[in-house]
Amino acid sequence: LPSLAGFVVGHAGLYQALAMFAVAYFIIGMTVLSVCAIATNGALDAGGAYYMISRALGPEFGGSIGIMFFLANVCGSALYVLGLVEAVVDSFGIPPGQEAGTGIHVLPQSYWYELLYGTVLLALCLLVCLVGASIYAKATFLIFLIVAAVLGTILVSFFATRPLKVPIFNGTETDNASFTGFSLKTLRDNLHGEYGVDYTTGQMMSFSSVFAVMFNGCTGIMAGSNMSGDLKRPSYSIPRGTISAVLFTYLVYNLLAFLMCATCNRILLQKDYGFLRDISIFPPLVTVGIYAATLSAAMSNLIGASRILYALARDDLFGRALALAKKTSASGNPVMAVILSWLVVQVVLFSGKLNTIASVVTTFFLLVYATVNLACLALEWASAPNFRPTFRYFTWHTCLLGIAGCCVMMFLISPVSASASLGFLLLLLLALHYLSPSSTWGYISQALIFHQVRKYLLMLDVRKDHVKFWRPQMLLMVQNPRGSARLIDFVNDLKKSGLYVLGHVELQDLDMLPSDPLQPQQESWLSLVDKLNVKAFVSLTLAPSVRHGVRQLLFTSGLGGMRPNTLVLGFYDDEAPQDGLARHPAFTSAREEVPLGFPPVRAPTAPKLLSAREYVGIVADALKMLRNVLLARQLESLDKAWELRRAASPPPTIHVWPVNLLRPDSARYADTCSLFLLQMACVLNMARAWRRARLRLFLCVEAGTMPHAQEEKLRQLLKDLRIQAQIQLVPWDAITRLHWQTCQRSPGGPAEEEEEEEGVVNFPTNTTQVSDEYVCAANKLVLEQSPAPTVRFLYLPRPPADTSLYPLYLHQLELLTRGLGPTVLVHGVSAVTSTQL
């Protein structure tokens, strides 16, 4: 402490020195508050700050910061070893220019000799750390007593020692430094900064470079938290010990800075870092104290680095790369981690430049401290009920101030080192994110996301919905994902950043079961969502029938302003389902196993889970609940990757038929349902995978109806809606003739249309007005349009009001879409297009 204070005051002056101490201890104080909060929130294990960060922020942040903290401690240990070598050489080294030493000055000075001295001292630290934490604790306690005695001696010496001159040989001449005793003139001379040359680099010192060296003398306050795995009661000891250390060292630094400014001239402070021996009433004790304190700091950093490395290895974040560091002695001491840390420190010793290492160490420590504050800030902002530390003297303001202070000083000290450290941290984050195994520690990101999502969901007011910002929010009912993999992928393209829910109904009665059968299935469904890479939620329910289950999901799926507005169903036909999951690229390309939680697809002879009447009833229920409905047929035959990426021309097409083909006497293109159909086709075309596709819109015309006027009107509508599509005129006189012939043969004639009600046209007797012959002709008309499209969008009429006609309604839909390939039948009940800005 005294030597460091003299170095700072000698270059920076009293004012700047006090500012440095204030800034350093402000940063450290804020960090200590965060450390105490985390340390008192649960049981701590080995690793100190790494353990706190990893358990709070997750393995990515924990592992990357753990490596940074390990390097900080390693470089810190090398820094203190080099500092001790410098002190030893200063006391016992042969003066420059002399070939042989005299008296106690017997140690040769050169780069290699100093490296040898550092290696010997580091080996001594290694021996103590290999014995274990108990001997280290005893050694540090003994060193504490020595340092306390030295400090007391120095404080007395400032008052007891008489003024004296201290000659300093600088290579060419001798400078006369002096200890003046308490002098107002000396104090005034030392108030302001007067930076000298750094003897290790030959460059001028500055506020940032002096701060970098000074800050390393303050990092020892984290030594207690680094030993968290060796403490009996870390939650009790860390707050009390760390806060006491901060307060004690801060007061001592300021006191020493004032005493030195008032008693020592600038030359003595800048040129003689061992001047305390000259003014001490007992010089040998000062020498022993300096050696003991520096050796203790080197050991502290070495043992701290080994504990961090051991914790990283035990957590398996880096796999086999750190497997060797897991090995411990019979007493539990991580000997291999200690040896590996010692080897890295030995490598750092080759740099030999003390102040250069200091700036790197300070940058690493500031980055670690900032992350500790970030961890505490995240826990506080997440507002999780289980974050209730017994240490309450912190707020999110202190965490934020600590982060800001660390970041500002990090870049002031060395922008290059700070940027390189952040870049290295980012690389570690990315590597761990993609390569590290999942952990069971809990992820603070999930808590923060929950907190923010809840806040914004409360702000999402359905009363402020506007058609300009409408987006599809899908509920796709899936009976078995094995037969619906491509449909799931297709609807993912249709959602346009909206809500997407995969719904499933399990036909069971909870009263007859010992537990909820849906919980074991949840994991399989979530794994499916991950493997298929779709942005969807999963909603499972129990019900006595599929229709009741779909009603439940329509009523309850979603939250607040995020609720499904569109129901998507597979088509009800007699085709045997195929296991498309086994052929899906997500499983075939990566050779992944298909999730085993799903049963095999239904055999062709097995009975269906719902009847035709119940299926149509689901459609009718959704429309009554003002949900749009999509029926998807043969989507499992759609090979999207091949269809959309083939290089052959022409580009893939999407055929759109916005007219109700089952109601030729009401061929309208601008009703709510037709506009919704156009919107869905446009939304699909906007998806990244479908941008190469071209929309083709078919305008059915009859002779004598001015087709060009109709085409121009439709083109203007598309222009107003900003939809780019090719319009193709399709004569359908022969088709409508079949319809009118059927109507003339029927005894009652064509039924009258019901009036429009709230923008939705309902034809309760629609299915009685068209014959199978007409429907087959309409199917042929759609099929004849070439080239064959990738997918077709057709108008879905409302189910009849008479439930006895449900089977006939479904039969005609089957005839209409037979052999068309991938087809989507669409019925919309809400306005979704806007021409407003």
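Including glycine, each Cβ sits where the backbone N, Cα and C put it.
According to TrEMBL, the feature domain 'Amino acid permease/ SLC12A' maps to 6-475.
Residues or ranges marked as transmembrane segment in TrEMBL: 12-40 (among others).
The annotation transmembrane segment is assigned in TrEMBL to 61-82 (among others).
According to TrEMBL, the transmembrane segment annotation covers 115-136 (among others).
Residues 1-2, 182, 252, 255-256, 259, 263, 276, 279-282, 285-286, 288-290, 292-293, 295-296 of the same chain lie 6+ residues outside the transmembrane segment (141-160) yet bring a C-beta within less than 8 angstroms of a C-beta in it. According to TrEMBL, the feature transmembrane segment maps to 141-160 (among others).
Taken from TrEMBL, the feature transmembrane segment covers 204-224 (among others).
Per TrEMBL, transmembrane segment is recorded for 245-268 (among others).
What TrEMBL records for 288-313 (among others) is transmembrane segment.
According to TrEMBL, the feature transmembrane segment maps to 334-351 (among others).
As annotated by TrEMBL, transmembrane segment applies to 357-381 (among others).
As annotated by TrEMBL, transmembrane segment applies to 393-413 (among others). The list of residues near the transmembrane segment (393-413) in space but at least 6 beyond its ends in sequence, with Cβ under 8 angstroms from a Cβ of it, reads 23, 26-27, 30-31, 33-34, 36-37, 207-209, 211-212, 215, 359, 362-363, 366-367, 369-370, 372-374, 376-377, 380-381, 421.
According to TrEMBL, the transmembrane segment annotation covers 419-436 (among others).
What TrEMBL records for 486-574 is domain 'SLC12A transporter C-terminal'.
In this chain, the transmembrane segment (115-136) lies out of contact with the transmembrane segment (357-381); the count of Cβ pairs under 8 Å, excluding pairs fewer than 6 apart in sequence, is fewer than 3. Taken together, the residues in the domain 'SLC12A transporter C-terminal' (486-574) have a mean pLDDT of 90 on the 0 to 100 scale. In terms of C-beta pairs under 8 Å, the stretch of 12-40, 115-136, 288-313, 334-351, 419-436 lying closest in packing to the transmembrane segment (61-82) is 288-313.
Listed as Cβ neighbours of the transmembrane segment (419-436) (distance under 8 Å, sequence separation of 6 or more from its ends, same chain) are residues 59-61, 63-65, 67-68, 317-319, 363-364, 367, 410. Within the same chain, residues 46, 70-71, 73-75, 77-78, 81-82, 115, 118-119, 122, 125-126, 129-130, 302-303, 305-307, 309-310, 313, 324-328, 357 sit at least 6 positions outside the transmembrane segment (334-351) and bring their C-beta atoms closer than 8 Å to a C-beta of that stretch.
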